[in-house]
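Written below as structure tokens is the structure these notes are about.
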């Protein structure tokens, strides 16, 4: 139902004869049932909660339009939260007769969202099209690239020690900083099977559910922001080192999700959340430790510096800042939030600094970078 048809219906039924801008919730709900209008059950629940946030039991016309058109502002969510009568307490876990896919959608809702209102909203509004294609496509591309280089080099572990590996046009190397695409395309290359397996597993287990809930635009932005921040941070803090792997984007996703879980601990309903949190932190820390070991204590003779670990840390910072802002803004417009613009300003300032650093600092500091392969 669009805005014009809703307005026409309200005028025809004279739900607001005095043009006050408010409509009785019970009256509108009765109209929905009598006309058999397609309105999700969760929206009717929210309509009741909106009415209870008003002293006269009415709903603001604009809030009603936003509800029908599936738009949710921060004031809309505050009105829901301030309702004097709570929403029905039966959760999605009690929904009977669900198919396999709907059960998976319910699982995703409880894994990602901290509020029952948001979980019900997502469950009833979710559509299978478009599917979460971004994380699946990135993971597939990384696997294909790894298989191609593994077969070409006849090496599946510690590929960076092969003299031909660094000649790839995808790897970020400080000697090829002018080739700007390398600051992003390094995410398709990996040190070996162990790094690829770790990143692919997290991308599918965390990235796909996040993309299902928050959409391809927001999650792809977060992932690519982590990847770009990773290579730029290495170019500033570890000027002689190359970078490979999608760890910057992976750590951005994981850190954002873990921070969101911690900040909404009481509301999260995912099972064994403390144990899973500890395991995730142990695995992420172990991967960083492995990267530090390979960087400073290479187990094999190498022709140059090994890939840096700073991309992991930069991705984590992006996740806790930009990522947490995105995940806490489910179904809200980011442009309406002051915190989002603060994060964008900080990230933009970092980008400008990193660009000037790469253009001028290497020559001014006389950095001894390895010759480009």
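Keep in mind that glycine also has a Cβ here, set from the backbone N, Cα and C atoms.
All TrEMBL annotations are machine predictions without curation.
The feature transmembrane segment, as given by TrEMBL for the ranges 113-132, 133-152, sits at 133-152. It is 248-267, from the ranges 88-107, 248-267, that TrEMBL records as transmembrane segment. Looking up the ranges 53-74, 339-360 in TrEMBL, the one annotated as transmembrane segment turns out to be 339-360. The listed stretches are 133-152, 183-204, 248-267, 308-327, 339-360; of these, 308-327 has the most Cβ pairs under 8 Å to the transmembrane segment (216-236). Against the transmembrane segment (248-267), stretch 308-327 shows more Cβ pairs under 8 Å than any other of 133-152, 274-296, 308-327.
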